[in-house]
Amino acid sequence: MKSIQVQQLVEEFNLEVLAGEDHRERTITKSRTHRPGLEFIGYFDFFPMERVQILGKKEINYLHQLNEQERDIRIGNVVNYHPPCFIVTSDQDGLTYLKKYCHAEQIPLLRTKEATVDFMAKVDHYLTRKLAPEIAVHGVCMNVLGIGILIRGESGVGKSELAHTLLGRGHRLVADDIVVLKRLSHKTILGTHNDKNKEFLALRSVGLLNVVRAYGSRAFQDETRISLDIKLSKWEKDSLHNELEFETQYRDYMGVSVPSIEIQLQPGRDVAGLIEAAANNWYLQQQGYSAAEDFMNRIEWQDGDD
């Protein structure tokens, strides 16, 4: 199971540490945050104690209104579950009683100036990406016409050279050689780099190329949702490819099915143009249009007239 430390949240969101400063190595394993409103009134049946606990104005105002004895009971009941950390939003103060309990139980108490809803959305987004299951695959990841494409193929087939051609046509590189795939949901795969290969494209006979330095910041994109899987293969004379085939092929990545096509390479073929055509065709299919079905309907209609 993937995890991050509370300290990484502190650094990412510039959080103020109010208590538990020596325990920021506590681990976070869940990608969603939680506001413990029901728990403060004593309902713990579905308390997700493994999540980061967010205390907004509603929670803090409720605690302020309680008498000291009742407040100690309510806070103690929640803190005793030992969540990874508590984060107070909207720069709220008057938190002496929270500091006392968090210090005693060695739980970091943090604070941000941001509003609750906006802050939770940012933290959820960050944790989802950090804690998502991931694999590394050999290939190139590009954003073509706003569509994330994973390009695969044997070593030396020309993936990086193709990526360079696509860059020249105004598209964006995400990762070359090693592509990190993250499963964000049951139907979403995110493609990104591994930090080491960020912005770099390896071209045979040329060497490493920093695409941002060479072509500007618009040549690079940090991540993209993978919508198409394209395999480059060597030309096979006797292979059969039916342009009128209706059935879409898929490739599985961590339980997510991604539409997949194969492009056979041959001298003189405009492979970059075929990639653009595949991206455009995928977009039309998402709008409910199939060129193959449209063509066959026309044939049937004309045959019926005859």
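Every residue gets a Cβ built from N, Cα and C, even glycine.
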Which range is it, out of 90-95, 150-155, 222-227, 264-269, that shows up in Swiss-Prot as region 'Important for the catalytic mechanism of dephosphorylation'? 264-269
By a simple count of other Cβ atoms within 10 Å, which of Glu154, Asp177, the recorded positions in the record, is least packed? Glu154
DSSP-derived structure type at Lys159 (ATP binding site), helix or strand or else coil: helix
Could you state the whole-number distance in Å separating the C-alpha atoms of Ser155 (ATP binding site) and His138 (active site)? 9
Neighbourhood of Gly156 (ATP binding site) by C-beta distance under 8 A, where only residues 6 or more apart in the same chain count: Arg204
Ser160 (ATP binding site): tally of other CB atoms within 10 A of its CB: 21
How big is the Cα-to-Cα gap, in Å, between Lys159 (ATP binding site) and His138 (active site)? 10
